[in-house]
């Protein structure tokens with residue numbers, strides 16, 4: 001009985017201790033529009049994951065947003081049409097430690113305590129999923145940087161805009177075309193059970209089935225999965241030609257590590273994040289583990305030619321290196337691109353009310369092309385202008401990565 | 001698929017049994033719950049990664065380095081932390097708070113020291129040719145890690161059953177007050193067991209990138225949860241229980257990954273729940289502990 005008590009007590013107290021890490025309860029309130037004459041700066045509220053499983057992706061995205069704000073402030077601020085003047089940008093950011101629970105209260109805090117003008121979501125679908133209802137309830141437009149889950153975009157919610165990536169349901173379009181074009185009939189798909197990866201799986205399976213191809217293996221695993229050897233063995237039993245893995249960066253790292261150790265070879269192996277974070281993969285699993293595999297290549301691995309708003313890729317890479325000392329990756333670009341969309345919104349909107357901001361986004365949708373591609377949203381706020389091509393990775397022993405496009409860049 | 005899952009589960013389980021061993025030793029002797037256990041495992045992993053990437057030190061050599069380094073660090077750490085806890089009215093409860101704080105500090109230091117990106121070791125260090133057994137191929141890194149774990153479990157068993165400190169440790173596990181009344185050096189024994197427990201955690205950490213793919217600063221919390229589940233499944237305070245708990249956990253996870261992959265992360269919690277409801281003293285229970 002004593003042991004049982006100890007066990008139960010441990011869990012009760014552990015839950016309480018974990019609870020103490022939360023930043024407190026937020027309260028919901030409806031935002032009010034500040035009188036234009038009183039606005040001396042534009043406050044952007046956002047979250048970042050300073051630790052935990054999403055820190056790898058969240059921090060570079062946040063760095064990109066900060067880089068944009070610094071660039072704008074150096075130029076005297078952002079032009080706000082509603083004020084007919086330039087005003088400085090101030091970023092208010094809290095660390096959600098990769099916890100969706102913590103993020104929920106912090107998003108509320110940004111709205112109701114900090115009274116931010118613009119709300120920007122943290123990286124990815126998991127940490128964005130909790131921002132969507134908070135923003136909608138408070139009637140704040142959520143500038144969604146990279147939370148691409150299809151369920152976030154609904155006809156009745158005007159308070160969301162996806163800035164830097166297409167809706168994840170669209171991601172596998174080019175991948176499906178490529179697989180069908182190569183006449184692969186034996187395809188294995190392993191995906192993480194979260195909005196981002198599940199929606200990719202659903203789209204891919206639907207498109208493959210429409211072409212008469214039923215995957216020989218299609219299983220979901222928890223996002224926390226780090227051991228892939230048994231899963232890879234199960235996949236090998238189905239003798240696939242192509243193996244597709246939809247995961248987050250940590251999943252892709254462990255998957256490619258296990259694949260390399262298994263000694264199995266397939267005509268095609270596809271993972272999501274080597275195209276966005278190539279240096280992470282060359283340093284953690286080695287260049288040979290990603291060489292010859294396929295991915296969705298993203299800037300700066302690829303460049304968009306017709307940039308008409310903000311820096312192009314080469315300008316950004318040079319400026320970012322000069323400002324931060326770091327080599328730019330896609331997530332830096334995604335953060336910077338979010339800043340560009342906010343900048344264009346403020347230049348276009350007739351007032352600082354949230355619905356006016358949202359209508360402004362619809363007005364310039366389809367007219368600008370940034371270093372991240374064409375910015376175009378549908379009526380639900382989902383990004384439809386950008387598409388992700390399929391690319392084959394070449395990585396040499398020195399860790400230099402390049403990509404050969406296998407499907408056209410939009 | 002069943003054969004592969006079972007054998008991979010045994011390899012996986014032996015490693016996790018070894019990983020949980022230090023937690024169980026410390027709880028058994030000191031009645032304190034080390035919630036920073038997983039963070040010490042992660043520190044051991046970082047030691048192996050840094051040693052390999054900077055000086056090409058084979059992880060098998062890093063095992064010795066980790067044991068020596070962390071035994072010394074833990075021995076020093078023992079004196080300001082544990083004696084005060086064990087003198088308190090409720091050392092178990094207070095230890096939760098203290099080691100939770102230590103866990104947070106270690107995680108923060110990991111972020112500062114090593115960054116947030118996942119770090120790994122090339123599995124080919126342990127041999128690029130897989131082991132062929134019963135018509136299936138098993139990663140050599142897994143096989144070697146399981147062998148190292150088995151050896152270390154054996155050595156720990158020998159330490160507990162064939163050394164004076166081991167006898168004293170088992171006496172303290174049985175009844176701390178009686179051990180003290182018998183004139184056994186309880187404080188010194190506790191300090192050594194605390195150091196050994198942390199040292200074993202760090203050694204498991206050295207091999208952890210081979211079993212869990214990669215490590216990052218946030219990995220520790222999950223490993224503590226798994227270790228705790230394994231210890232409760234086997235039996236709190238019984239080192240042999242860790243091995244049994246590890247095997248139950250490893251085989252269950254691999255079978256779940258094969259047949260119900262979406263639900264595989266439920267395994268430690270499900271097993272914990274079942275054990276707490278059906279046999280709260282763990283699979284080996286008090287009988288073995290008092291033998």
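Every residue gets a Cβ built from N, Cα and C, even glycine.
Residues annotated as transmembrane segment in TrEMBL: B:6-27 (among others).
According to TrEMBL, the transmembrane segment annotation covers B:34-54 (among others). Long-range contacts of the transmembrane segment (B:34-54) within the same chain: residues 19, 22-23, 26-27, 61-62, 65-66, 69-70, 74, 95-96, 99-100, 102-103, 106-107, 110, 113-114, 119-121, 125, 197-198, 201-209, 215, 217, 219-228, each at least 6 residues beyond the stretch ends and with a Cβ under 8 Å from a Cβ of the stretch.
Per TrEMBL, transmembrane segment is recorded for B:60-81 (among others).
Here TrEMBL flags B:93-114 (among others) as transmembrane segment. Counting same-chain residues at least six beyond the ends of the transmembrane segment (B:93-114), those with a Cβ under 8 angstroms from any Cβ of the stretch are 31-40, 42-43, 46, 50, 81, 85, 216-218, 220-221, 224.
Look at TrEMBL and you will find B:140-162 (among others) tagged as transmembrane segment.
Here TrEMBL flags B:183-207 (among others) as transmembrane segment.
Residues or ranges marked as transmembrane segment by TrEMBL: B:219-236 (among others).
The transmembrane segment annotation in TrEMBL covers B:266-285 (among others).
Listed by sequence, the residues of this chain that lie at least six past the ends of the transmembrane segment (B:60-81) yet keep a Cβ under 8 A from its Cβ atoms are 40, 43-44, 47-48, 51-52, 98, 144, 148, 190-192, 194-203, 205-207. Between the transmembrane segment (B:183-207) and the stretches B:6-27, B:140-162, B:219-236, B:266-285, it is B:6-27 that has the most C-beta pairs under 8 angstroms. Under the criterion of 3 or more C-beta pairs below 8 Å, with sequence separation of 6 or more, the transmembrane segment (B:6-27) and the transmembrane segment (B:266-285) do not qualify as touching, having fewer than 3 such pairs. With a cut-off of 8 Å between Cβ atoms, the residues of this chain six or more beyond the transmembrane segment (B:266-285) that come close are 225-226, 228-236, 238, 240-241, 244-245, 248-249, 252-253, 256.
Non-local neighbours of the transmembrane segment (B:140-162) in the same chain are 8, 10-12, 14-15, 17-19, 21, 25, 60, 63, 123, 125-131, 169-170, 196, 200, 203-204, 207, 210-211, 239-240, 243; each lies 6+ residues outside the stretch with a CB under 8 Å from one of its CB atoms.
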